[in-house]
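Have a look at this one.
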Amino acid sequence: ITVLRIKVNQIVRNQQTTIGDKAISRTSAQFQSLQCRPGSLVLQSTSIFCFIRTRLRLVTFGQFSEIRRPSVSLFWLPLLSVLDLIPPGVCNLLNSSTIYSNNEVSLAEVDIYGFDYDYTLALYSNALNTMIYNTARDFLIENFKYPEGIRKYDYIPNFAARGLHYDIQKGLLMKIDAFHYIQLGTVYRGLNPVPDEEVLRLYGGTHHVPLHQVSGFYGKVSRYGPKVKQFMDIFSIPEMTLLALANDFFISNDIEYDPEHLYKDVSEAIGMVHIKGYMYKWVMQDLEKYIIGGEETYAVLHRLVSHGKKLFLITNSPFSFVDKGMRYMVGKDWRDFFDVVIVQADKPHFFNDCVKPFRRLDGNGDLQWDKINSLEKGQIYKQGNLYDFLRLTGWRGSRVLYFGDHLYSDLADLMLRHGWRTGAIVPELDLETRVVNTEQYAQSLTWLQALTGLLERMQMHRDSQSMEVLQEWLKEREELRLRTKNLFNPQFGSIFRTCHNPTYFSRRLCRFSDVYMASISCLLNYDLSYTFYPRRTPLQHEAPLKQDMEKTQRVHSQRFDSH
């Protein structure tokens, strides 16, 4: 123990910098406190050792180039066997153009590629969300006679995030994990966070939301019991923002209101933006302002067709809207790329019923009356159903890869019922990967994981001094969690994680998509015979693979040598 104390003090002195002292000071203070109580230190030496070494690695291998490598750092290398507690100091740099795999997929086996239109072939700028919000807000005021004061609330672009849940009866916006637990600290009433104690009181002493209270398979609310709706698509972000701001107006002005009425009215106002065609009108009038990435869409379609692949389009949008956008992105002959084009398909019903027949549209978009016995290239079809589509095309199983942005409406039925390959478009990956690539995130996550491992080992010691250290580490762990969350979104964090667990959204992304990516342009980075292999990550009862541990050691060694 004396040797340990000497080595710690040597290292602190050798840092020659306030940054180094700051990084080590808490360790040194805790160690100095504990070393006076040898009875507890006999059992705790390994844990304290782990703690000190982990902090040293964060400094030695961190971003602070001005910190010299302490010569005595070599002292630690042979003494500790806790490499499993310390992941690499920096993550492998991710690329937002990467395609991520949940399931093994060989593009060599895919002959037919299908696409949704909105947020798949056509990506939209944030200006569209602002227009949707403004129009729905004004609709509330002018048609439902909501107070004029709501008009003062402008759209907040980065407030809400996709995949959140909304408790309709309580008026709360929140993030829920894959196990139906609310992430405390992400519950908002209006624009204000709800204290954890109040959340527990509102949900009967727990922060678990039972399955029967959550929206159904396609995100729709149940008729029975408390209603908790999930917002799954990007178009729902303006709706969540309007709900939050309208709630905030009523609360701030001490106006009594029923959250259920507010939810119904906001949903109807948002719906009117689509039903009355406002969104289609805005985009068609200013394609350059609202559509982004058109050149890449052309490149993807051209590449697939030039390699002999068959393409089809199934979208809920009307033909005039799709035609205008595709002409802008791909050219006036865009239909030559597709073997089948289906508009106003009414997904997800298109995929799970066999009621609506296909109708053909002429070149002007007018409905025709002939019976559809085949789906022909160059023609435009409306409505229909997947069962007739399969019968008329013969395109079945893993030969087909369909891309869409909505996990429920676009992908779930195709994967679960029909065995198609599915690709989810998640534009948020662009921001998420930028954050993950930062040194700040890498260091926070490294220490968070190491600290969690230390907590797991430390909890076996029940003396008062050990418990004091344990509580301080728990507090620091919560601080690190908050800091990491705020890097993505100050209100709700990453759309993929709730602290350590996957989010409700993330679990369904893994369940309903074989691959996922930021945009279809990611296909341009891969050969069309490429096979996507999902990473094998150890289950909780499995040990890390030997090569993974060796890789961790190698990364640490490289970082050590570079300093």
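Any Cβ shown, glycine's included, is placed from N, Cα and C.
Found this in TrEMBL, in case it helps:
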{"type": "ACT_SITE", "residues": "Asp116", "note": "active site, nucleophile"}
{"type": "ACT_SITE", "residues": "Asp118", "note": "active site, proton donor"}
{"type": "BINDING", "residues": "Asp116, Asp405", "note": "Mg(2+) binding site"}
{"type": "BINDING", "residues": "Asp118", "note": "GMP binding site"}
{"type": "REGION", "residues": "543-563", "note": "region 'Disordered'"}
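Are these features on the surface or tucked inside, and what are their neighbours?
The local packing around Asp116 (active site, nucleophile), expressed as other Cβ atoms within 10 Å of its Cβ over all shown chains, amounts to 25.
In sequence order, Tyr124, Phe235, Thr315, Asn316, Ser317, Asp405 make up the list of same-chain residues 6 or more apart from Asp118 (active site, proton donor) whose Cβ falls under 8 Å from its Cβ. For the recorded site, Asp118 (active site, proton donor), the DSSP three-state label reads strand.
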